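The transmembrane segment annotation in TrEMBL covers 6-24, 45-67, 79-97, 104-122, 128-150, 162-182, 188-207, 214-233, 239-263, 293-311, 317-335. Among the features that TrEMBL reports, Mg(2+) binding site is placed at Asn155, Asp218.
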Amino acid sequence: MLKFEIIVSLFATMLISAVVTPFIRKLAFRWGAIDSPNKRRMNKIPMPTLGGLAIFVSYTIATMFLLRSQMPTHQLYGMFAGQVVIIITGVIDDIIVLKPRQKVFGISLAAIIVYFFGNIQMSNVSLPFIGTFSLGWFSLPITLIWILAITNAVNLIDGLDGLATGVAVIALTTMGITGFFFLNVGNVYVSIMIFALVAACLGFLPYNFFPARIYLGDTGSLFIGFMISIFSLNGLKNATFITVIIPVIILGVPITDTIYAILRRMLNKQPIMHADKRHLHHRLMQIGLTHRQTVLVIYGIALIFSFISLLYPISTIWGSILLTIATLIGLELFVESIGLAGKDRQPLLNAIKKVVKENTSKDNH
């Protein structure tokens, strides 16, 4: 009976999100939360943002009312306070555009709130061949860095219609399945909260997919990224190689895009926060894919990462290490083939071509 009630509540959450979104769209026009076309943006007409507000409202109704009996009060209120700070930061950014440092301040404040009042933190680390040790005073800065990194990574991939929302649905679904069946986190409510956010995103996605009628905005991308980061931390209180690597692999798309964006800007001697049009979705479109095809290809990449993440809980430690190495090599080959780090930066591909060329020359002699 309880499972049936949860399923009904999740469907209700999705429906609420779908019903609320058109009202949020009108609100965005009224508040002036509009993305106007420019050199950096992909939209050709002014587009309302604030879409994340619909996701936040439906998710909050789900966790505070529909699924309230499944949630621990002490953690729920602490998380809610952090969510409100993130939403306020996103709404302000969508209306007047915040400076990067102001946005970082908002995320950091939300992270500190959930750390102290929601007990969302990384406390201990267990590493293979080394053992377990307490993070002590390093717990807060490491937790803060984790939340900042994941939140900004999701924010960075929100560049095409339905991209960030769809990738988030794939990542969150995998995270919920992994946490419930494999990691034995011990808190079933975490998986319920994850699927509540999935339901909220699914209700919004039809309005956001190409051709979009409303954007997530920073309100949505920051909120979703923030929630993914704190959900993953629920399984990282006593972090092991497996519990750390799984969310990293699940979030392979935004993390990869962020790492290579930073690397690309450092190599070009540009500020790390410098915006460009060489993100993953930009590169795929530049090599000839349409808007819709690019989004679907990135969904496919996200699904591959999710499948790989599901192999870790059933692998030995050596199997996990080999899987990680193979994933990194495959990822680097893909990144170099589309020029994500730069057209002239293909060290692995060049090395392979050199070996093949040398072997071909030997065979000819």
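Here the Cβ of each residue, glycine as well, is placed from N, Cα and C on the backbone.
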What same-chain residues lie close to the transmembrane segment (214-233): Cβ under 8 Å, and 6 or more beyond its ends? 21, 24-25, 28, 33, 35, 43, 47-53, 55-56, 59, 79, 82-83, 86-87, 89-91, 93-94, 103, 106-107, 110, 114, 118, 120-122, 143, 146-147, 149-155, 158, 161, 164-165, 168, 171-172, 175, 179, 190, 193-194, 197, 201, 204, 207-208, 247, 251, 254
Sort out the residues at least 6 away from either end of the transmembrane segment (162-182), same chain, that have Cβ-Cβ distances under 8 Å to it, and list them. 154-155, 188, 190-191, 194-195, 197-198, 201-202, 204-205, 208-210, 212, 216, 220-221, 224, 228, 231-232, 234-235, 246-247, 250-251, 253-254, 281, 295, 298-299, 302-303, 306, 309-310, 313-314
Annotated stretches the transmembrane segment (6-24) and the transmembrane segment (188-207) touching (3 or more Cβ pairs under 8 Å): yes
Any chance the transmembrane segment (45-67) and the transmembrane segment (239-263) have 3 or more Cβ pairs under 8 A, given the pairs are 6 or more apart in sequence? no
Which of 104-122, 188-207, 293-311 has the most Cβ pairs closer than 8 Å to the transmembrane segment (239-263)? 293-311
What parts of the chain pack near the transmembrane segment (293-311), using Cβ distances under 8 Å and only residues at least 6 beyond its ends? 157, 160-163, 166-167, 170-171, 173-174, 177-178, 182, 209-210, 246, 249-253, 280-281, 284-285, 323, 327
